[in-house]
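Heads up: the structure comes next, in structure tokens.
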Amino acid sequence: MGDTFIRHIALLGFEKRFVPSQHYVYMFLVKWQDLSEKVVYRGFPEIYEFHKQLKEMFPIEAGDINAENRIIPHLPAPRWFDGQRVAESRQGTLTEYFGALMSLPVKISRCPHLLDFFKVRPDDLKLPTDNQVKKPETYLVPKDSKNNSVTDITGPIILQTYRAIADFEKSSGSQMSLATGDVVDVVEKSESGWWFCQTKTKRGWVPASYLEPLDSPDEAEDPEPNYEGEPYVTIKAYTAQMEDEVSLQEGETIDVIHKLLDGWWVVRKGDVTGYFPSMYLQKSGQDAAQAQRQIKSRGAPPRRSSIRNAHSIHQRSRKRLSQDTYRRNSVRFLQQRRRQARPQPQRSAREQAQTGGAKPQPAVPPRPSADLILHRCSESTKRKLASAV
């Protein structure tokens, strides 16, 4: 076992809580060296207290002795009253602060003070109850946000509520066990098919295939197929377990034609289509290191068709396209693309006239021979020719 350290700290957003009084806490996804991922909640006052203690521990790097030697990033002090606008605007500051902190020398970025601050506490595992007052409001930072300014904040997000259709036993500390009928709030929907969920007492990653929305079947959530396809590369080999899946080796290039939310995408290799785990795919040119770590920590989620004793509350089940439909539509698209790529043959004059093309010029007939002229001319012309001779 190596030394314990944090690989990455990501700010997910913040919560507006009302118990015991209105206050704000920030949500951090902390990724540790053992590939585990934990979500912790920290208020800004304690973050600032952590910052002050860190400066006291490293006075040279804090610039207390010589300002030119400062490498510990700055962090503004908390205000007397922190409203929602202030909580929103601080998200960019905290993202930059902890990003800079993790890039510092190991004696700072892996010091016990930092590790202890982000260790999971009992309060992180026990979410605040509604307490018959008001449910906490969650505000998330968009994934495509670059500068995390106040204009990038999504505003209050009402988390979607889902229900477990079967029992699920977690296989790692970052996952969450479920019993049939458990109701969860979905915080993040990952393309891998693993969704980060929470209840009043626990939180963790859950396979999307074990969840269904409370109001209606969720086939409408899946995007439409794209038979043109997006090029991806396999980063892990997979052998098909069911007849509608496809086996691929590592390093193969394929086209993704349907990205399904449960993490099992429909891919095309030549004229063959089938399901393949999205976790084992990576866009060409992207770094596969992070994806490899996710594969090692969680693996591909199970498919819904493989879940035993699944019980849905909906009379109408989820509708999915069959592989015959995928193959038929995909072959039709490929044939159409091949026809468009072929050079078009020249059309005849009649086809051009029917399609409104330019009127063709008449062909010049060959000059007739002298014998043919004498044969076809009139009797008067023949007499004149005979007298002329």
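Heads up, the Cβ atoms here are built off N, Cα and C, so glycines get one too.
Feature list (source: TrEMBL):
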- 4-125: domain 'PX' (DOMAIN)
- 157-216: domain 'SH3' (DOMAIN)
- 227-286: domain 'SH3' (DOMAIN)
- 287-370: region 'Disordered' (REGION)
- 311-320: compositional bias 'Basic residues' (COMPBIAS)
- 342-354: compositional bias 'Low complexity' (COMPBIAS)
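Note on the domain 'SH3' (157-216): its mean pLDDT in the predicted model is 85. Helix, strand and coil content of the domain 'PX' (4-125), in residues and according to DSSP, is 50 helix, 28 strand, 44 coil. Secondary structure counts, DSSP: the domain 'SH3' (157-216) has 3 helix, 29 strand, 28 coil.
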